[in-house]
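Structure first, then comments.
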């Protein structure tokens with residue numbers, strides 16, 4: 001019983017950290033740009049495909065085997081490329097919707113997500129089918145006398161490290177200071193000789209790369225990757241960010257843990273829970289937003305006349 | 001005295017040429033649609049699209065043309081309506097019994113109703129709603145379940161489904177009252193996902209397989225599955241549903257026009273301009289927001305019922321989040337709060353993927369690219385919002 005409980009607890013934390021890595025990107029981008037980048041999840045899920053493709057190319061062309069080390073190298077490459085992809089999309093598409101009505105940017109990025117998914121489907125060999133995704137660590141480790149999978153532990157540790165790194169970046173570096181300045185007041189930041197355009201690109205790079213970490217771990221967790229994984233996970237990441245309050249990093253993390261908790265709980269306890277998990281998750285989203293219309297940690301905007 | 005006679009003379013000349021402009025532009029529109037529907041070669045389709053684009057560019061660069069056409073329509077409203085009704089009536093005859101083209105017309109008209117429904121919210125009041133697809137689905141399932149389980153006829157199921165959909169619209173509107181912008185968008189997305197997941201998993205909705213064998217409607221003993229004979233010309237069976245959905249579109253346009261010119265439409269526009277200022281003017285913003293949700297769901301419920309009985313088979317995949325996004329795009333790309341623009345947007349976005357079958361697998365990709373390109377090139381939509389006109393002319 002304790003075994004099972006610990007296993008579920010670990011599942012919850014792994015899933016929660018993965019969602020959080022996607023959700024902080026949504027929140028960060030919204031805080032800085034003031035638009036919803038709905039295709040953020042789809043950008044993030046390009047990473048597992050890049051990593052998988054890179055491994056296959058390397059194994060085919062170089063005299064190396066697909067060792068965990070090679071896989072790790074390819075994943076790092078994928079994170080870098082995904083970050084760059086985020087910047088490219090900002091320059092090509094999203095930039096043009098900065099001053100447009102919010103709904104237009106939302107619809108445009110939804111369409112952008114469709115384009116990204118379809119591109120993966122067509123450009124990746126056999127892209128419509130699921131592909132097995134290797135875990136770069138395997139085996140089990142004993143915690144408190146219970147064996148748990150090493151991958152889960154690594155996923156949680158890496159996610160925590162990534163989030164701590166993001167907080168450090170935002171709070172203790174010059175770039176972070178600039179990002180916060182632009183998100184508070186774009187025009188005042190410009191007066192302080194900070195170029196918002198450059199900060200937008202930097203934010204896109206950081207958010208996409210962190211989302212990519214989440215996507216790679218999700219693929220490892222599921223042991224599988226398919227082009228349309230990003231629909232559900234992207235939507236859940238977005239919901240987590242909104243639940244916590246857009247623009248709040250802590251809120252995004254709490255939102256992710258809440259959603260992952262309900263997700264795990266429903267799957268474990270409710271009969272036939274796996275097919276109803278999204279129903280429960282999104283009912284939770286509606287319920288929270290009814291009582292906290294600006295999310296859990298969002299600033300309630302009070303208009304003064 | 002002499003100036004008056006001159007002015008009446010010029011007004012007379014104006015109305016004759018105005019009538020010609022109205023008839024010519026409506027005929028051109030119908031002819032364009034016919035060519036587009038019947039085009040087989042993808043190069044021809046692309047050429048037609050390019051012609052459409054050129055027409056838009058010309059209209060944008062020479063506003064006088066656009067204003068001239070607009071004034072002509074405003075002056076000749078009755079004639080414009082009569083010609084339009086005649087054209088819609090005659091259109092199936094011009095398709096030469098092409099059932100596929102007629103089928104596309106039916107679907108496009110249903111989407112036009114959905115887009116008009118969403119336009120009350122998104123266009124008039126600027127309330128995002130990503131759950132129109134869900135209301136469409138609720139309407140379709142409600143009527144199909146009534147017909148399959150209780151043998152209710154189409155004509156009774158139609159209002160019943162609309163009532164069920166309206167109630168669900170109220171249900172969605174209630175939690176939406178407190179939230180705004182992105183938060184409101186998420187509530188509607190969440191509602192859409194919940195409805196889709198429930199349809200997909202519940203026993204009585206048939207799960208992922210959906211509902212099959214929805215009976216064909218009948219009117220005065222004429223089954224809608226049999227060919228329609230008008231003036232001795234036999235039209236394919238799709239023509240029944242063509243006329244039915246055309247009537248629904250006409251009712252929706254009438255409905256939209258009446259609402260737009262009523263206090264409700266004005267209140268919605270006030271909400272769009274400034275929520276707080278509207279409240280200060282004594283407008284019950286909460287009530288009008290919920291009303292917008294209910295009106296959207298009401299019309300979507302009608303469209304859903306006709307779809308269910310037309311196709312005879314519905315599954316949850318007909319009512320996904322993507323459907324709602326497509327309807328949103330129709331309104332935005334067509335032109336918010338512009339009835340003609342929304343209908344053109346609906347036709348364009350329904351027909352475009354079908355006409356791109358030459359690109360078979362790449363259709364969805366192409367669709368996404370087109371939407372983004374549209375939003376980037378003409379952000380105000382094909383036919384932008386018009387200012388309200390007061391006074392006679």
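Cβ atoms are placed via backbone N, Cα and C, with glycine included.
Outside the transmembrane segment (A:12-33) by six or more residues, the chain places 40-41, 44, 94, 98, 152, 155-156, 159-160, 162-163, 166, 179, 182-183, 199-200, 203-204, 206-208, 210-211, 213-215, 217-218, 221, 233-234, 236-238, 240-242, 244, 246-249, 251-253, 255-257, 259-261, 263-265 with a CB less than 8 A from a CB of the stretch. Annotation source TrEMBL lists transmembrane segment at A:12-33 (among others).
The transmembrane segment feature in TrEMBL is assigned to A:45-64 (among others).
For A:70-93 (among others), the entry in TrEMBL reads transmembrane segment. Same-chain residues lying 6+ beyond the ends of the transmembrane segment (A:70-93) with a Cβ under 8 Å from its Cβ atoms: 39, 43-44, 46-48, 50-52, 54-55, 58-59, 64, 108-109, 112, 134, 136, 200-201, 204-209, 211-213, 215-216.
The transmembrane segment annotation in TrEMBL covers A:105-124 (among others).
Residues of the same chain lying 6 or more positions beyond the ends of the transmembrane segment (A:144-170) and with a Cβ under 8 Å from any Cβ of it are 2-3, 6-7, 10-11, 13-14, 17-18, 20-21, 24, 28, 135, 137-138, 176, 179-180, 206, 210, 213-214, 217, 220-221, 249, 253. Look at TrEMBL and you will find A:144-170 (among others) tagged as transmembrane segment.
As annotated by TrEMBL, transmembrane segment applies to A:199-221 (among others).
Here TrEMBL flags A:233-262 (among others) as transmembrane segment. For the transmembrane segment (A:233-262), the list of distant contacts is 12-13, 15-20, 22-28, 30-31, 36, 38-42, 44-45, 113, 163, 166-167, 170, 183, 211, 214-215, 218, 280-282, 284-285, 288-289, 292, 294-299: same-chain residues at least six beyond its ends, Cβ to Cβ under 8 Å.
Per TrEMBL, transmembrane segment is recorded for A:274-291 (among others).
Non-local neighbours of the transmembrane segment (A:199-221) in the same chain are 14-15, 17-22, 24-26, 28-29, 32-33, 37, 40-41, 43-48, 51, 75, 78-80, 82-87, 89-91, 94-95, 133-136, 151-152, 155, 158-159, 162, 166, 169, 175, 178-179, 182, 189, 229-230, 233, 237; each lies 6+ residues outside the stretch with a CB under 8 Å from one of its CB atoms.
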